[in-house]
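*Asks:* I grabbed these lines from TrEMBL:
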TRANSMEM  128-148  transmembrane segment
DOMAIN    133-478  domain 'EccD-like transmembrane'
TRANSMEM  160-179  transmembrane segment
TRANSMEM  184-200  transmembrane segment
TRANSMEM  212-232  transmembrane segment
TRANSMEM  239-260  transmembrane segment
TRANSMEM  266-289  transmembrane segment
TRANSMEM  321-340  transmembrane segment
TRANSMEM  346-362  transmembrane segment
TRANSMEM  374-396  transmembrane segment
TRANSMEM  416-438  transmembrane segment
TRANSMEM  458-478  transmembrane segment
Amino acid sequence: MTDVFVRVSIFYKERQLDVSLPYNRPAVDIVDDAVDLFDSHSDQTGTESPDSIATADTHTWVLSSPKTGVIDPHSTLAEHGVQDGNKLYLTRRQEAARTPFVDDAIAEVRSTIGSAQWVWSGAMRSSGALAVLTFLTILACTIAGRGLWLHEPPLTPQGWAQLTIIVVSAFISLGLALWRKHDWMRFLGILLPLATFIIADVSLRETPAPNAAATTVIAVALSTIPAIWAAGRKAPAGGLGGIVTALIVAVVAGAVLAGTHLGGNIYAIAAWSAWLPILVLLIAPSVGLRSTGLPALIRHNEAGDQVEREAIRTQARRAEAISRGVSWAAGILALLILIILTASPVWQHGLIAVVLSLALLLRQNGFADARIITTLITTGILGLSLTVGAAVRWAQNQGVPLENPAPWWLSAQTNMWTWLAAAAVLLLGAGIAVAIALRQRDDVEEARVARILSMLDILVCLASIPAILAAQGLYQYFWATI
């Protein structure tokens with residue numbers, strides 16, 4: 001008996017397959033053939049495409065159309081009245097097209113309710129149980145952390161019990177992140193640096209504020225490393241960017257701790273170091289390239305030697321991650337410097353803060369990665385907001401050095417105008433950033449704007465050194481000795 005064929009178009013996501021199908025064969029055979037044909041593209045290229053069925057989870061695939069509904073796997077196309085030119089869709093059963101009218105209302109009700117429920121079985125059951133454990137762990141850590149925060153050294157037995165709860169909760173969360181039975185668990189390690197911050201703050205309250213702040217930054221940065229590694233260990237580059245960021249911040253904070261321990265003034269250290277984030281942002285791309293073997297592989301390729309594709313891809317990912325991590329570190333260091341400068345007793349340090357904030361906002365023009373750009377824009381706007389708030393406080397004190405300098409946003413004596421001025425700058429800066437980002441420009445206008453921003457970037461970066469020298473009073477000292 002000769003099989004009759006019908007020509008149809010099968011759609012899967014954004015892909016289309018035009019084929020002739022046997023009219024009297026069971027649909028289950030047709031589905032298998034369709035899956036094989038859709039996956040043949042990945043076989044030809046040697047790598048699986050992101051939308052390949054082979055890369056998706058294993059489900060029951062069905063053919064459907066809005067006209068015929070779901071085609072039963074054991075029935076034929078003829079039984080469902082499929083004709084030449086019809087469009088069929090290859091989907092999971094729960095995503096299949098449905099007919100506008102139903103034959104069995106009760107079955108449709110059951111199907112609708114069943115698809116809306118998160119059935120307590122399999123992966124959903126384990127995910128729910130682990131979510132309960134995670135919630136209770138975070139709740140216990142939060143309650144214990146609040147109690148420990150109110151303690152003053154030396155700790156009482158109750159304080160030690162709360163500290164133990166925090167430590168155990170943090171390590172449980174890190175263990176869950178390392179286990180990673182479900183993808184959402186990879187971020188649970190963030191509880192470790194939060195717990196480290198609380199413990200460091202309570203433990204260092206009798207230590208001088210500059211030393212305590214630097215030590216806290218070191219502890220939090222180092223405790224962030226295992227959390228980042230747990231979150232990114234199954235991804236390309238394995239969280240290398242975040243690890244590089246944490247290491248750089250810890251090393252710089254260690255240098256600051258050594259300086260304050262030797263008697264250095266924290267405000268002077270921050271002022272003289274304000275050029276460091278700008279320099280780091282300038283050299284970040286080259287650091288990423290030079291720290292990997294990518295340049296050597298490129299030279300071998302240009303010399304005519306064979307270079308493995310996977311080696312190039314691996315080194316390129318590492319170079320990009322290191323460059324991104326260095327840029328993130330520059331943004332974090334700049335924010336820490338801005339916090340210190342805006343807490344300074346003298347208004348001259350506000351000049352450095354303004355220049356540094358503008359440099360961050362302009363430096364983002366030299367990057368293409370949204371993760372770096374958003375970091376620099378956020379840090380720059382926060383820096384200007386902190387500086388304006390500090391400027392109000394300096395102006396109210398008539399430019400006289402403050403007797404008890406501290407971050408104005410932590411002081412209970414900060415008045416309303418300081419907060420209003422800082423909030424106005426914050427909202428204005430955020431609004432301008434959003435307006436610029438949403439505006440559509442053609443290539444010519446984009447190039448013109450980039451050229452203007454590059455020129456301003458160079459001028460601000462060059463002005464940072466004279467601004468630091470002026471704010472530190474070096475010119476006044478020099479002129480006074482002529």
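Placement of Cβ uses the backbone N, Cα and C atoms for every residue, glycine included.
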*Asks:* Take the transmembrane segment (346-362) and find every residue of the same chain, 6 or more past its ends, with a Cβ under 8 Å from one of its Cβ atoms.
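*Replies:* Sequence-distant neighbours of the transmembrane segment (346-362): 267, 270-271, 274, 277-278, 281, 331, 334, 337-338, 376-377, 379-381, 383-384, 386-387, 390-391, 394, 399, 401, 453, 456-457, 460-461, 463-464, 467-468, 470-473.
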*Asks:* Is the transmembrane segment (239-260) in contact with the transmembrane segment (321-340), using at least 3 Cβ pairs under 8 Å (sequence separation of 6 or more) as the test?
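*Replies:* These two stretches do touch.
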*Asks:* Do any residues of this chain, six or more beyond the ends of the transmembrane segment (374-396), have a C-beta under 8 angstroms from a C-beta of it, and if so which?
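*Replies:* Distant contacts of the transmembrane segment (374-396): 281, 327-328, 331-332, 334-335, 338-339, 341-344, 346-347, 350, 353-354, 356-361, 363-364, 367, 402, 408-409, 414-415, 417-419, 421-426, 429-430, 433.
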*Asks:* If contact means at least 3 Cβ pairs within less than 8 Å, sequence distance 6 or more, would you call the transmembrane segment (128-148) and the transmembrane segment (184-200) in contact?
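*Replies:* Yes, since the transmembrane segment (128-148) and the transmembrane segment (184-200) share at least 3 Cβ pairs closer than 8 Å, they count as touching.
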*Asks:* Given a Cβ distance threshold of under 8 angstroms, which distant residues of the chain, six or more beyond its ends, lie next to the transmembrane segment (184-200)?
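*Replies:* Apart from its flanks, the transmembrane segment (184-200) reaches 127, 130, 134, 137-138, 141, 145, 148-149, 163, 166-167, 169-171, 173-174, 176-178, 212, 215-216, 219-220, 223-224, 226-228, 230-232, 234.
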